[in-house]
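According to TrEMBL, the protein has these features:
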DOMAIN    23-145  domain 'RNase III'
BINDING   Glu62, Asn131, Glu134  Mg(2+) binding site
ACT_SITE  Asp66  active site
ACT_SITE  Glu134  active site
DOMAIN    173-242  domain 'DRBM'
REGION    254-314  region 'Disordered'
COMPBIAS  262-282  compositional bias 'Acidic residues'
COMPBIAS  284-314  compositional bias 'Polar residues'
Amino acid sequence: MLRNQINKIRLLFRKDRESYLCFYRILGFYPRDIRIYEQALLHKSSAVRSEMGRLLNNERLEFLGDAILDAIVGDIVYKRFEGKREGFLTNTRSKIVQRETLNKLAVEIGLDKLIKYSTRSSSHNSYMYGNAFEAFIGAIYLDQGYERCKQFMEQRIINRYIDLDKISRKEVNFKSKLIEWSQKNKMEVSFELIEQFLDHDSNPVFQTEVRIEGLPAGTGTGYSKKESQQNAAQMAIKKVKDQAFMDTVNEAKAQHSMPPEAEAEALEAEIAEPEVTDEIANDETGTANETESVNDQTETVNDETGTVNDKTAS
């Protein structure tokens, strides 16, 4: 309380007091370092640079905020649902931290109006608000610490906008979401049961792997095939947001969709330049040895012929 009063007095003499007041209305407290919060709202398309000329964006803060958010929501859900199994807790947390929920929360608290981005960027229609929310959580953590960050999530987010009991009962079909994504983006998705074993209580456990264009995208375990597929799909949905992974997927897709003519040309090129195998090398070596042997025999015959001629002459 005293710190907030001191910050209010200092605020009267600041030129950027409007920004401080704006963040105060969202946070419930005054930032210590407002620059962190401002960077949390910089989309990579904004092209904002530091005084040193370095490009600034919120991607590092988003990475940090994602981890902190998982920990805080996991903490809240664990204490709220005492006695519930790990699978239930994981699913409940996932429903809160999924991109759709974070997008809505960002709009609810007004972050969408503060984000700086290029109007040419189309990503603001999908993940930008949720990414900014995660970056904002990362900024709170750096500026105020874990406990203040948790307090913000509990008092100003969970209590105001999220019904934990209701959201825990809500079914989220991650497999359907992944298939819908694959159809929209024309990607091939497959689910494969890779292992089945018994837990310490002799209950059957299933492990499923999701593949996108033949590449592993996520694995999940569960006490039924359906549960393992849902958990694998949930991991894959998170994976497709990784640009490096998607670059690899697109390369694989391009190879799979290569026209027959191009495949034929590639095959002809391989036939035209066969690899030198050990067998071919040995054959060539054998041929060379046979040639040497014939030459040796020829020389021997010549020597013998020369000897006979010498005897005849004498």
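Heads up, the Cβ atoms here are built off N, Cα and C, so glycines get one too.
Unlike curated records, TrEMBL annotations are generated automatically.
Remember, it's a predicted structure, so these values are computed and weren't measured experimentally.
Straight-line distance linking the Cα atoms of Asp66 (active site) and Asn131 (Mg(2+) binding site), rounded to a whole number, equals 9 Å. Other Cβ atoms within 10 Å of the Cβ of Glu134 (Mg(2+) binding site), summed over all protein chains shown, number 26. Under 8 Å, Cβ to Cβ, and six or more positions away along its own chain, Glu62 (Mg(2+) binding site) finds Asn131, Ala132, Glu134, Ala135, Gly138. Looking at the domain 'DRBM' (173-242) alone, the prediction's average pLDDT is 91. Those same-chain residues not listed among Glu62, Asn131, Glu134 yet with C-beta within 8 angstroms of the centroid of the Mg(2+) site C-beta atoms are Asn58, Glu59, Leu61, Phe63, Gly65, Asp66, Leu102, Gly130, Ala132, Phe133, Ala135, Gly138.
In terms of DSSP helix, strand and coil, the domain 'RNase III' (23-145) has 82 helix, 6 strand, 35 coil. All chains included, 19 other C-beta atoms sit within 10 angstroms of the C-beta of Asp66 (active site). Secondary structure by DSSP for the domain 'DRBM' (173-242): 27 helix, 27 strand, 16 coil. Counted within 10 Å of its Cβ, the other Cβ atoms near Asn131 (Mg(2+) binding site) come to 27, all protein chains included.
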